[in-house]
Amino acid sequence: MTPSDSKQPSSLQKLLSYLKPHWKKVTLGIGALFIVNGISAYLPLLISGAIDQFQTSFEFSEVQQDVLVLLALSTLMWAIRMGSRVLLFGAGRQVEFDLKQRIFDHLLQLEPAYFAVNTPGDLINRATSDVDNIRRLVGFAVLSIANTAFAYVITLPLMLGIDPVLSLLSIAVYPFIMLVVKVFSQRLRDEQSAVQTSLSNLSDLIQEDMSGISLIKIYAQEENEHRAFGEFNHSLLQANLKLALTQNTLFPFLGGVASISLLVLLSLGSRAIASGTISVGDFVALLLYVERLIFPTAILGFTITAYQRGIVSLDRIEAILSVQPAISDKNAVVAANSLDLQGAIRAQDLSLRYPGADQEALKQVSFQIKPGQMVAIVGPVGSGKTTLANCIPRLLDVPPGQLWIDDYDVTQLPLEALRTAIAYVPQDSFLFSASIKNNIRYGDPVADLAAVQGAAQQAKIHEEILNFPKQYETPVGERGITLSGGQRQRSALARALMTDAPILILDDALASVDNQTATFILEQLAHTDRRKTVIFISHQLSAAAIADQILVMDHGKLVQSGTHRQLLQTPGLYRHLWSQQQLEAQLKG
Ligand SMILES: Nc1ncnc2c1ncn2[C@@H]1O[C@H](COP(=O)(O)OP(=O)(O)OP(=O)(O)O)[C@@H](O)[C@H]1O
């Protein structure tokens, strides 16, 4: 994640933009706080007047009246304060909801390469724990900051009106409090940031270890993982303790310093009463006002922490939201509805380098595929087969003017139209935690069971599904039954076959299926009514042999192309790989 640069809107501006859609709630909430503060500033005046009056004459009916007014105003204050909390905390929840929605939608826009460098644990942490901190910032911190500001703005003039000298002397320590808060706020922010980073590291480790649990067990690495977890957990503990130390030193200190104002007022005020420069009623009012300022001043530390924590989290969330998708529709010039792609594919000097790699993964690859052709991509491991396949649906950032579908440059096609025209079965056949039926009809969620079964039959998985406990309703994926590698691959193939896409790409998608079944499935695909352009990557040359065209990759280059027969007649990599595989088969046989 890159840190936001200085020209970006400030964190505060960002926060205001989050609040904008809920401005009515926030304004009403803050308005209600202003009224509460107004009433609570009036109460000491009421009490002060009553005390001074009692000193001259004491009438029970007047006491009763003052008590009733006090009771009514206190009840009103309580109701309005409650309203303000409901409004501001409600706005916090709304902002939390909006942000989660925005982060998720934004992540859906980003290309797979982003997720190769940004780990799920960290992203989950940002979308949950950091969003939670922003909710507290909007709820608690905004409420508390507004409350403190109103307390000062309304109370101070009233205090100065009663006795300027006594008031200023009693709050003389407050500027010192502000200074301490300012000095500590950057530290709190850095320490909070360290806590969030440690939390992300820990989430990452848990997420990775749970995904790779079989590997940990096979290599008996429990002890090492335990140690690695312990180290991360320890870092988190250290970061939390450091933060807690700062908070636990700062907050009581602020509370203690704020109470000094009460002591000053008590000692100087009693002398002022004795010398007759201030009435008892005014003294009590001053006492109540100082009391009113102590609480918001003393919890300034908490308020600042909630604010800083929220701002740290806000920056961490903005680091996700500010990432522009590398692959987007911005250069699309063709209207999606005018497209009826046939499935011709052409590459001209197609070159691609992964970010940060020192070598190109594809080097000036050129080929031509006619609609309905069946094409195999073969070659040694790491030769660029998957990279080439990933370029076609633009899962990678393909340069313009190098790859065309029909006569359209892929970078100028709307992404949705391009990807709808391509059914893709990746190497890793991922299944969602849903029924096998819903997994197969993932690309067309309203397809009926007959269509799902048709696709499953084509992918040669139908019979096995009928043996599952609940047949097509059987839950699979993480929360369902565990399918074998071959069953997963054929389910993923069925999912791809459900869509009416003119192009089908299989990235080594039948590697776990036995050779005979794999070849049968491929041959069947070549003989369907509406012939699709089929591109399949395979390490099995006997499967590749049935293709109309074979592209042979080596070190990112297309080194040979032609039919199986043509390639066997030409000296080169294909013939070499073929004789190697024949030899292996003979040795095994
Ligand atoms: N995300 C990535 N970032 C950097 N380099 C990558 C990335 N993915 C692949 N590569 C590199 O690009 C080259 C081609 O990889 P690719 O996966 O396309 O090969 P392949 O022929 O499909 O291999 P295999 O048969 O093992 O699947 C390799 O050197 C690989 O290390």
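Every residue number used here counts from 1 along the chain in the order it is shown.
Every residue, even glycine, has its Cβ placed from backbone N, Cα and C.
According to TrEMBL, the transmembrane segment annotation covers 26-47 (among others). Within the chain, the transmembrane segment (26-47) has long-range Cβ neighbours (under 8 A, six or more residues past its boundaries) at 19, 66, 69-70, 73-74, 76-77, 80-81, 83-85, 87-88, 91, 142-143, 146-147, 150-151, 154-155, 158, 281, 284-285, 288-289, 292.
The domain 'ABC transmembrane type-1' annotation in TrEMBL covers 28-309.
What TrEMBL lists as transmembrane segment is 137-159 (among others).
TrEMBL lists 165-184 (among others) with the feature transmembrane segment. The list of residues near the transmembrane segment (165-184) in space but at least 6 beyond its ends in sequence, with Cβ under 8 angstroms from a Cβ of it, reads 156, 159, 246, 250, 253-254, 257-258, 260-262, 264-265, 268-269, 272, 278, 286, 289-290, 293, 297, 300-301, 304.
Among the features that TrEMBL reports, transmembrane segment is placed at 250-274 (among others).
Using a Cβ-Cβ cut-off under 8 Å and counting only residues 6 or more beyond its ends in the same chain, the transmembrane segment (286-307) has close neighbours at 40-41, 43-44, 47, 136-137, 140-141, 144-145, 147-148, 151-152, 155, 158-159, 162-163, 166-167, 170-171, 174, 177, 181, 184-185, 188, 192, 247, 250-251, 254-255, 258-259, 261-262, 265-266, 269, 278. Look at TrEMBL and you will find 286-307 (among others) tagged as transmembrane segment.
Marked as domain 'ABC transporter' by TrEMBL: 345-580.
Distant neighbours of the transmembrane segment (137-159): 15, 18-19, 26, 29-30, 33-34, 37-38, 41, 44-45, 84-85, 88-89, 91-93, 95, 167, 171, 286, 289-290, 292-293, 296-297, 299-300, 302-303, 306-307, 309-311, 313-314; these residues of the same chain sit at least 6 beyond its ends, with a Cβ under 8 Å from one of its Cβ atoms.
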